[in-house]
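One structure is given below, encoded as structure tokens.
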């Protein structure tokens, strides 16, 4: 089955941005007067980061999704833990999030603070970064309205029940996305964002090693693909960071 088209996908990204975003009025030109160089500064840093670390686009898109699906697009995912409080980043499902996304947001925020102190929220930086990086790697452009306020709270205890996981059964996935206002078709379109990025071998090892008494791997897998994954992930227990591209043909291109 082919992925739903990219038009549906970018409409869904736009919809994500409306999740409990803020009580202030959002607009595409929110920073035109208060920080007129906002877009130029962002585009320069985003391009530099993506060129030096090509995994940045996928990492940032993942952080954006994980942020929005838990209490809305409020940058609570960006809050770091300290000696007194654990944050969403400490939830098990977020431990594997690549550091390139956090590094990018830090770079952009620093540059914008020098240009227009205390004006641009991290929530808006993350939302625009995800959009612009998707465009940079071949995906669709969609308008991002701005003016979100950043959360002052980040609670890891609410993460697990709000985010899908590698082994979540289909009926629970459908229920989870439905609770956020998405249909089954829209869920499949959002999952299509995995056209970029990679997955750690440990996330799917149970399907390619010792699957059952009669088969080493899940027979639902293409046999050639399964053998390729088994070879690639052979030492995953010794190297937890070992991973495989989600799209083996165009791993860095946002396509169908």
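Every residue, even glycine, has its Cβ placed from backbone N, Cα and C.
Feature list (source: TrEMBL):
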BINDING   67, 70, 72, 74, 76, 88  Ca(2+) 1 binding site
BINDING   164  substrate binding site
BINDING   195, 247, 250, 255  Ca(2+) 2 binding site
DOMAIN    25-256  domain 'Plant heme peroxidase family profile'
SIGNAL    1-24  signal peptide
SITE      62  site 'Transition state stabilizer'
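Feature annotations (TrEMBL) mapped to structure.
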residue	record	Cβ within 10 Å
62	site 'Transition state stabilizer'	21
67	Ca(2+) 1 binding site	27
70	Ca(2+) 1 binding site	25
72	Ca(2+) 1 binding site	19
76	Ca(2+) 1 binding site	24
88	Ca(2+) 1 binding site	27
164	substrate binding site	16
195	Ca(2+) 2 binding site	23
250	Ca(2+) 2 binding site	14
255	Ca(2+) 2 binding site	14
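For the binding-site residues 74, 247, the largest tally of other C-beta atoms within 10 A is found at 74. Of 62, 67, 76, 164, all annotated as recorded positions, the residue with the shortest Cα distance to residue 255 (Ca(2+) 2 binding site) is 62. If you take the Cα of residue 195 (Ca(2+) 2 binding site) and the Cα of residue 62 (site 'Transition state stabilizer'), they are about 12 angstrom apart, rounded to a whole number. Rounded to a whole value, the Cα-Cα separation of residue 74 (Ca(2+) 1 binding site) and residue 164 (substrate binding site) is 19 Å. Taking the Cα of residue 67 (Ca(2+) 1 binding site) as the reference point, the closest of the binding-site residues 164, 247, 250 is 164.
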